[in-house]
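Data first, discussion second: the structure below is written as structure tokens.
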Amino acid sequence: MEQKNVLISVISSIFVLWTLNTLDLLSVGTNIYKQNSHGDRLESFNMTIYIIVLVAAQCIYGGFSKINAGICGGPIYEAASMTRDIHEKCEKLTSTSTESVSNALAIVFISTIIFSFISYLLGRFKAGKIFEFIPKTAIYGVVSSIGLKLFWDGKDEIYVIERINTTNYNLDLCFAVTIVLIILAYFLERKFSGYIFFLPVFSFMIVVSFYIFFFSLGYNMNYLRENLFIPHAEDLNMSMKGFTKFIDFSKFKLSILIACIPKMASMIFTNLIHITVNVPGFSTLMNVSINLSDEFKTQSYGNLITAFLGYPSYFINCTSYIYNKSGGTSKFYSITAGFSMILMLYLGPKARIILPRILLAFIPMYFGICFVMSNFVEQIGQLPISDLVIIIVSCIMGFFVNAFSGLLVGTFLSMLFNYLYKKPLYPINIIEDTEEKIK
């Protein structure tokens, strides 16, 4: 009976993790670097990196975390816009796709190694509390800017006419439908907030409704591809040769690295923020004890490995919570699920070429809107005008400059308002050492 329960838990938790990670892979996973570099398509290249980082992170975070629960790790969702900014800079300073991609990978590698080293120092010397001095209003603003960038990324999943000669009426229709779906999903998720499978089920219904509608009108898959309702299959062929042709580190240029230092600093610092919110949040949701210093060390180990795989990684709060609720409650389940993700290298591209663009756009756009709603819109009426000003300015700086600038400007404004009006900084809450664990 016990073995049967274990088997059921393994199947249930892996199914849920596969569902959530597949949605991320098919949307953000193709956008962790630019999709096009000097005329070459990079969707399959991006997906390959995303999957191998996902497998490694799931096994490392699940195996090394000291939290007594099933833990999920993966590529840093919010870092995609920052790694793409780095690649965009490399693109402007190079003449071939191999040169562009190789320099972007090298710079992200160095950034992730530094991120890993700082995480280790923060864990080793129990210095995580320094982040407590960052005002939450500045963080709200930066997270809102990340949400706007995710929304913009989703739009790019629809508007792909720069490489195909066609009118944009179909794409305008897709965009309008996606906006309607986002509004519908936002209100439905809040109405059924206790239903942990809402997003997978809603996404499945989008796919089913899409194909029922077009097939009932007599259209076939070729028509849908020609009119850009679904992606072209040739963009997503994965092969080792197709992957390695973009990598040649002999083309690395120090001048490009120097030019990207501000973007590197922004990504490193922003990546450090996530753990101070995700881990305490998970502790509260699951009512388990944590030691943030231990989790900084786990983050260090994870990024030491994923740096060599091409992208930073982190502990994922919401996925870990859903994973535990579906039966994945220990290291055994986490590591088993991690190895199962290897199959995504084969199944991921096949899934993407049959999914409608409205779904591929819906996922990042929906998360982006949720970030903006929870970190800004829902704060209206809850926070004073001065705090809302800080959020708006931090968001603008984060969107048009970088996240690090948003945090700096937001922190400065918070200190200024604190001095002028004698108001508290509202720091984020961090649980640090064993004595301060949540019981």
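One-based numbering along the chain as shown.
In case you wondered, yes, glycine gets a Cβ from its N, Cα and C as well.
Annotated features in TrEMBL:
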DOMAIN    55-393  domain 'SLC26A/SulP transporter'
TRANSMEM  6-26  transmembrane segment
TRANSMEM  47-64  transmembrane segment
TRANSMEM  104-123  transmembrane segment
TRANSMEM  169-188  transmembrane segment
TRANSMEM  194-215  transmembrane segment
TRANSMEM  254-277  transmembrane segment
TRANSMEM  330-347  transmembrane segment
TRANSMEM  354-376  transmembrane segment
TRANSMEM  388-421  transmembrane segment
Note to self: If we skip the immediate neighbours and take only residues 6+ beyond the ends of the transmembrane segment (104-123), which ones have a Cβ under 8 Å from one of its Cβ atoms?
What the structure shows: 33, 83, 86-87, 90, 130, 247, 249, 252, 256-257, 260, 264, 267-268, 271-272, 275, 293-297, 299-304, 306-308, 310-312
Next item on the list: Please give the sequence-distant neighbours of the transmembrane segment (47-64): residues at least 6 beyond its ends with Cβ less than 8 Å from one of its Cβ atoms.
Entry: 17, 21, 25, 28-30, 32-33, 70-75, 236, 238, 243, 297-299, 301-302, 305-306, 309-311, 313-315, 331, 333-335, 337-339, 341-342, 344-345, 348-349, 352
Notebook entry, point to check: For the transmembrane segment (354-376) against the transmembrane segment (254-277), do we get 3 or more Cβ-Cβ pairs below 8 Å once near-sequence pairs (under 6 apart) are dropped?
Noted result: no
Note to self: Quick test of the contact rule: Cβ under 8 Å, at least six residues beyond the ends. What residues does that give for the transmembrane segment (194-215)?
What the structure shows: 16, 19-20, 23, 181, 185, 188, 223-224, 229, 322, 325-326, 355-356, 358-359, 362-363, 366
